Amino acid sequence: MTAYDFDLFVIGGGSAGVRCGRIAATHGARVGIAEERFWGGTCVNVGCVPKKIMVNAAEYGQWAEDAAAFGWTVQKTGFDLSVLAAARDAEVARLNGIYGRLLAGAGCTVFDARATFIDAHTLDVGGRRVTAEKIVVAVGGRAVRPGIPGDELGMLSDDVFNLKQVPRRLTVIGSGYIALEFACVFRGLGAEVDLVYRADLPLRGFDHDIRVALKDALDAQGIRQHCGHHPARLDRQGDHLRLSILGGDAIEADAVLFATGRVPHTHGLHLDAAGVMCTEKGAIEVDEEHRTTAPNIWAIGDVTDKLNLTPMATAVGHALADTLFGKNPRRASYLNVPTAVFTSPPIGTVGMTEADAALLGPVDVYVASFTPMRHTISKRPGRKSLMKLVVCQETQRVLGAHMLGEDSAEIMQGIGIAVAAGLTKQDFDRTIGIHPTAAEEFVTMRTRTREAGIRAAAE
Ligand code: NDP
């Protein structure tokens, strides 16, 4: 008999922790898992799931407007956030229940409590002392304010899901995933939206052509972009807010959303008591196997601040459980992870940007820009799709695929398989398109748009 209460204790019931705990239990481990706030974590409760439902709501508004061009008489008379919120919250509650049942069904001991370290094998779980041979930290991250005067007057992304009505004027700070998705959602739901960001283009780190096309698409839907600007302070003035911008005009708004990034949620865990070290940015330091600086403790998901995406977190959690308890040592790959930004239109991307690939050597770049069939009829402005392939000139391997346009998130899942499998441009060319779709463009881009990279730059 082991001296520990559990073979594995997981701190945090989000995507990473739940998957790791559940799979470890199915491998026969005695698993305890604690969650202090809500089962399913950020993704299910205040992230991907409720956000996507709101994205859908905004899209319905556009479909209703576009329907007239297809012969329908549709009267768009108003939007009731309380109806959407009730449906959204019911779906979140349903998923919460599923998570709880999955863990219980797998035989995990579930604690609705906060867990903190006493030492490397001992935890305080809601006031109860619990020991475990192995511990996995999967506490996720939390949104942060930018630290300007008055920023407590603004919302963070969690607060969006408590709104009782759509703000008439919303100012969003930042131009990452969260800022852009909510800017488009609330514009689609009828708000006037100002978007304030520091760079000259939105979505730093994404492919340049996509960023340029996105900026145009945001303009076309009437989102007022204040690029190259830093927020200075936020003040309440009567019944509204006033955001002062360094070197720019002040913006008046009924609500302000700070989408200025997220940080690992390690505060108060007493990691030092267990010998677990953090990086300068506060993320738990892990090696390639996700082991922390304490030999019996691992960290997975957003708390490691590696690639903060739900499917990445679940993949890492699953691989770790297989490694520790399933006699199947393996790692989830962080390479060629497809991702989507649910803007309007959405962005799908996998692999390298043109700029990153060109640092490694000459690349062939294929770009296609077209109006999808739906919008040749609807005539909705700013709905052009942009597709791009970045191809290694020497091997003809497709290094990156990028798209802004309708259905890009759905399309990119399949393209992601091809890119991760290392397929070549000729493999893409050999594939027969599905007609008429936007996706077929990815297999019909015959003429190289340009050459980039070291050799092209030298010529
Ligand atoms: P990001 O790190 O993507 O973006 C943060 C934004 O805030 C950037 O535009 C950044 O500007 C800006 N910013 C940071 N500090 C300041 C400041 N002091 N003043 C003004 N602007 C500031 O964070 P998000 O919160 O948008 O998203 C967090 C992560 O969550 C993402 O990276 C992603 O991994 C994940 N996520 C994924 C989604 C999906 O898969 N669809 C959806 C939502 C989130 P700058 O560029 O100038 O640094």
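Every residue gets a Cβ built from N, Cα and C, even glycine.
According to TrEMBL, the protein carries these features:
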- His435: active site, proton acceptor (ACT_SITE)
- Lys52, Asp302: FAD binding site (BINDING)
- Cys43-Cys48: disulfide bond (DISULFID)
- 6-315: domain 'FAD/NAD(P)-binding' (DOMAIN)
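Fewest other C-beta atoms within 10 Å: among the recorded positions Lys52, His435, that description fits His435.
Highest local Cβ density among the disulfide-bonded residues Cys43, Cys48 belongs to Cys43, counted as other Cβ atoms within 10 Å over all protein chains shown. Counting Cβ atoms from all protein chains shown, Asp302 (FAD binding site) has 30 others lying within 10 Å of its own Cβ. A coil conformation is recorded for the residue listed as 'active site, proton acceptor' in the three-state DSSP classification, outside any helix or strand. Across the structure, His435 (active site, proton acceptor) and Lys52 (FAD binding site) are spaced 28 Å apart at their Cα atoms. The CA atom of Lys52 (FAD binding site) is located 10 Å away from the CA atom of Cys43 (disulfide bond). Taking the Cα atom of each, Asp302 (FAD binding site) and Cys48 (disulfide bond) are about 14 angstrom apart.
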